[in-house]
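Notes for the one structure printed next.
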């Protein structure tokens, strides 16, 4: 309400009470005004009532919510379901215009303001997380793979003769298909084994550049966040190579915002050499629904070129989700989550080391990977037992853990990857992955370790049982029979589940 409305309210309610209510309203307005003035994530979290008030104020600025609106076009923000309208806070028009996802819509001042403000707040978080010299970013309503494709398509206009993308191997389908979808030919650079770690082969990268010719290479496509035992690429050295040969450099920073080490690598790479853009997922870094990413860079003009490459308008849902999330956390809340994640990583590492010792396995030494860990599986390295272990974890509601056997061959768009999932043609051992990602809690680790221990014991017991003759000796007790029966039920259940799991 404005001042006149508050004055009119005094006809019905005591002026003292109205003044008190007006002051309470003013505290919400001050928070909103400060946000608009600064364009940064507020230090302290907002309560839900302030966030909802702010979103309501934005929504009434859009033409579909004008009380006297008369729409006669083909896109008037009409929504037939009240539930859908409420789910989107009546911000229906989306973001951008037909020629530029970052442009302001005349029909949707509120949605446009939301878009600009979200980009500004996310840039503030990226700087806070470690990439201090980033100059521009925008939220795009596509996941990481398609966002990488958008970057490659933008570079096509700058380097029309180029057909190759240099890509240090990482066994993740979407980042590989992003290059294929853009119409380019990936040049796969196999990693080198250093101890347990798989690291960037810098000599092979530079050799390929010389062999193919720098003018024929669209860009170098590197990776930060990844599954152990692969570790982040050597971004500083790669950035220097890109600068030396004047080749663009796009970084897949999928879930790297939550890692100070990954963000430091990007900052250092941009400082000493060349990084044109880096792409990160919204859901993995900010705990929002899947469907959005952030494209950021150090040259504002180039980032704007990428945004203009996006055809048509776009959904505002990813921007809305991340804006609500960051306002509800505040900068302090997000920093606490980053700190907690790092602490839980150390706890998970120690717990896996302890379990590995009791299981005659070991936690692979991957000190350069700040998020993911790898637990060797050498006792039963054949594919059948490893598939069984993965199924056991699945039936016990353990999500995110990956069992990686040896010798898997996978064909993606005509490209054959030997040793798929292990980022290498011939990694020395099978292993299991677990990660400490943002939002993880100590109880998640405790439950995972307990269930993994149980599954490893069951796998060993089944192997032992298969060698035993049928029947029980005279030393067998009722308790032994009961435990054996339960274990056999678990094994049979897992085998049934394995047959039903999609390939």
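Glycine too: its Cβ is placed from the backbone N, Cα and C atoms.
The pyridoxal 5'-phosphate binding site feature in TrEMBL is assigned to 75. Residues annotated as substrate binding site in TrEMBL: 97, 98, 105, 313. Under the heading tRNA binding site, TrEMBL lists 271, 396, 461. Sequence annotations record features per position, and here TrEMBL assigns N6-(pyridoxal phosphate)lysine to 284.
Structural mapping of features recorded in TrEMBL.
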{"residue": "75", "record": "pyridoxal 5'-phosphate binding site", "contacts (Cβ under 8 Å, 6+ apart)": "93"}
{"residue": "97", "record": "substrate binding site", "contacts (Cβ under 8 Å, 6+ apart)": "103, 104, 105, 313"}
{"residue": "98", "record": "substrate binding site", "contacts (Cβ under 8 Å, 6+ apart)": "311, 312, 313"}
{"residue": "271", "record": "tRNA binding site", "contacts (Cβ under 8 Å, 6+ apart)": "133"}
{"residue": "284", "record": "N6-(pyridoxal phosphate)lysine", "contacts (Cβ under 8 Å, 6+ apart)": "254, 255, 258, 437, 438"}
{"residue": "396", "record": "tRNA binding site", "contacts (Cβ under 8 Å, 6+ apart)": "451, 454, 455"}
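When other Cβ atoms within 10 Å of the Cβ of residue 461 (tRNA binding site) are tallied across all protein chains shown, the result is 16. What surrounds the substrate site, by Cβ distance within 8 Å of the Cβ centroid and not counting 97, 98, 105, 313, is the set 94, 95, 96, 99, 100, 103, 312 from the same chain. Of the residues the record lists as binding tRNA, namely 271, 396, 461, the two whose Cα atoms sit farthest apart are 54 Å from each other. The binding-site residues in question are 105, 313, and the one with the fewest Cβ neighbours inside 10 Å is 105. Largest Cα-Cα distance over the residues recorded as binding substrate, namely 97, 98, 105, 313, equals 10 Å.
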